[in-house]
Amino acid sequence: MKPSLLVFTVYLLWLKDCHCAPTWKDKTDMHGNLKGFSEAGDIDVDEEVKKALIGMKQMKIMMERREEEHTNLMKTLKKCKEEKQEALKLMNEVQEHLEEEESLCQVSLTDSWDECKSCLESNCMRFHTTCQPSWSSMKNTVEQFFRNIYQYLFPFDEDNEKDLPVGEKFIEEDAQVAQIENVFNQLTVDVRFLFNRSLNVFKQMQQEFDQTFQSYFMSDTDLMQPNFLPALSKEPRKKADPVQSWDIPSFFQLFYNFSLSIYHSISTTITKTLNAIEDLPKQDNDSNHGSLSSKTLPVQHRGPYGEFGQNLSECFQFHARCQKCQDYLWEDCPDVPELHTKVDEALELVNISHQQYAQVLQMTQHHLEDTTYLMEKMREEFGWVADLANQAPGAENIFDSTKMVPNIHEGNFSKQDETMIDLSILSSPNFTLKIPLEESAETSNFISYMLEKAVQHFKKHFKTW
């Protein structure tokens, strides 16, 4: 016997003793098991596919609910935008009217201002040495006094102009709304497409399902199946504060009884200030000229014209003789105080409408994020079944196992660690599973184990939308 033939014979005997290669009986048993696996697997795969189809049905129903909520939010957002634009339009109209009235007021007040200044000048003539060192500076002081009084009476807050919504703000908000709408619409299309693919799978396997399930899946009835819903993440998610109702009240009724009045508040302040000056202790003018120069207005009444208190306190105690100085604004410009009040009200209206719009916009954004999160979780759990629609119809079996051979680990010829099985669901391409030794064909849960691994394979390789 040649040495090479001897070595080959010894090698075959060694393989037989080690059971590293399957015997003819083993191969026959494996082939029989494959047929049994396919038949038993059809039953289990049927249930898994049914669960996934129910999940896809619930995904469709939930998306339809979310779509209706999104539509209501967008309608509310549109209404808020219209209210905000109307408030801004009103604000601009009132402000424009105020500017016109103030311009006319400046012209009509020229004579009144001259009368007031003349009255003060004549009554303060005897005190001009104490009021100011020179008469020219006295006139300048009186003119400055009137300018400050007018600014104090009608202070239009320049900062409010910065707070008003500008064109860039509207453009930014419109772009954000358009993006939300586009993302939600795309999500709706994706969910419908995924469900339609699942519907194709249902039609391929329709004869495998009972009549109750067929009726449910093809109907629009919202039949919740909590046992089949996905186990979504239990991590808490932040929710936007819900509004009381989608109905937005008319903003133009909020300030119907608005009682702010600049005229009354400022008029009261001026009256108190002048009365405080008038109540100063009367001094002997001939003997107390020096002391008069040291008189000052009370600190709390200096206001915007407190700088005139030191030397003009005695001059202004004659304001009763110059009532024109106190009433000229109300007589010649009666609409200006009211218009300032309306401007403040309109500005407040703009701010409230802007805040309301921002609140609804934030709710819409949160609603989109929550919907996307929920649909993604359901897609991850059930979407794999839609991938079966890519396979050609007409497969005889739902679940096929085409080949099962022992696997020998490299470098370890002493034992069989796992079995290699080629599987397919419907007409999907074959994929290979490695079955560990403890999950052998003789164990009762072998089919369940293979099916679980097959479903995991589909989920892992499921294409994202």
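Backbone N, Cα and C atoms are what each Cβ position is placed from, and that goes for glycine too.
Now, the feature entries from Swiss-Prot:
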COILED    62-106  coiled coil
DISULFID  Cys105-Cys333  disulfide bond
DISULFID  Cys116-Cys325  disulfide bond
DISULFID  Cys119-Cys322  disulfide bond
DISULFID  Cys124-Cys315  disulfide bond
CARBOHYD  Asn196  N-linked glycosylation site
CARBOHYD  Asn257  N-linked glycosylation site
CARBOHYD  Asn285  N-linked glycosylation site
CARBOHYD  Asn311  N-linked glycosylation site
CARBOHYD  Asn351  N-linked glycosylation site
CARBOHYD  Asn412  N-linked glycosylation site
CARBOHYD  Asn430  N-linked glycosylation site
SIGNAL    1-20  signal peptide
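Counting in whole angstrom, Cys105 (disulfide bond) lies 29 from Asn351 (N-linked glycosylation site) by their C-alpha atoms. Rounded to a whole number, the C-alpha distance linking Asn351 (N-linked glycosylation site) with Cys333 (disulfide bond) is 28 angstrom.
Sorted by the number of other CB atoms within 10 A, the disulfide-bonded residues Cys105, Cys333 start with Cys105, the lowest.
Under DSSP, Cys333 (disulfide bond) is assigned to coil, being neither helix nor strand in the three-state scheme. Of the glycosylation sites Asn196, Asn351, Asn351 has the largest number of other Cβ atoms within 10 Å of its own Cβ.
Distance from the CA of Cys333 (disulfide bond) to the CA of Asn196 (N-linked glycosylation site) is 72 Å. Taken together, the residues of the coiled coil (62-106) have an average pLDDT of 89.
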